[in-house]
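Undergrad: Questions regarding the structure given below will be posed in turn.
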Amino acid sequence: MELTGVTSQSIFDDNAADIKLSWVAGLEGADRAFDVEFAREATSAADLVGHLNLIHPNRIQVLGKPEITYYQRLDDETRKRQMGELILLEPPFLVVADGMEPPPDLELRCTRSSTPLFTTPVSSAAVIDHLRLYLSRISAPRVTMHGVFLDILGMGVLIMGESGLGKSELGLELISRGHGLVADDAVDFVRLGPDFIEGRCPPLLQNLLEVRGLGLLDIKTIFGETAVRRKMKMKLVVQLVRRNDGEFERLPLDSQYLDVLGLPIHMVKIQVAAGRNLAVLVEAAVRNTILRLRGIDTLRDFMDRQRAAMQADAVSRGQGRLL
């Protein structure tokens, strides 16, 4: 996992309000970060944060009530040895959760070694879950793509195509039909799971749609709060193509996909031509995709019916020749 620029200070700033963190010791370790090699070998955020564990001292260590109770039962010599092993490998920071008071000797050792020590009244399990989700999000693969990203019938749809094909005009038409805008022109996508890509709008372009001849439109102001979305899961790509595009298949037998961050996203191509109602076609493509996700494939069903009809016709002809 790539965690460039992630420090104890940045993690504290981003999460202090949500999980009620207080910084009680080791202020000089604000620039403390994950070991580069350790972070690179981590396969998920679960490797980067967890309950007190001396086998994995490089990760964020969370001490709840059971860990503090265990620590207090140790004799002085064992405490010094175990905490020495932990502090020596410079974990990003320690968190004392469950509203527990950090033991004085632990606080003193963190101060002397410039190891950040946080406290929180939140349960240790909740702290771990929150930090794992946070680290997963900031370390997830991401990409910015050109197009219009919309919420159509509850599905995240990216409309792509060459410049001048009318992507923004199509987006405006779909918004006027009750669908929602996520982003126009530049869409930030991040892969948050094995089969989950989320799309958002860059802050600079929030709620804006550019239409040739009209300029920038504030969709939230014009159509209301319900016409915009903060984020959506990407489920479908609609590729607009010119009418003379030689690669266009009228009836594609195999499903088409676009690779986005290593995940295949279902794609449909729609030809742009005078008189075609693209908004209706996009809505139909979305409805058809919803059916496909439910296991209903209209083209395959038709091909099966056609095959059965041809076989029945062949059988009847064979019987006719026998007679």
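Glycine is no exception: its Cβ is also placed from the backbone N, Cα and C atoms.
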Undergrad: Which stretch, out of 67-72, 169-174, 223-228, 271-276, is listed as region 'Important for the catalytic mechanism of dephosphorylation' by Swiss-Prot?
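TA: Range annotated as region 'Important for the catalytic mechanism of dephosphorylation' by Swiss-Prot: 271-276.
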Undergrad: May I ask for the distance between D185 (active site, proton acceptor) and S163 (ATP binding site), taken between their Cα atoms and rounded to an integer number of Å?
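TA: About 10 Å separate the Cα atoms of these two residues.
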Undergrad: Go through G161, G164, G166, our binding-site residues, and report the one whose Cβ sees the most other Cβ atoms within 10 Å.
TA: G161
Undergrad: Here are the active-site residues: H146, K167. Which has the lowest count of other Cβ atoms within 10 Å?
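TA: Least crowded of the active-site residues H146, K167, by Cβ count within 10 Å, is H146.
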Undergrad: What residues, ordered by sequence, lie under 8 A Cβ-to-Cβ from S163 (ATP binding site) and sit at least six positions away in the same chain?
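TA: Correct list: empty, so none.
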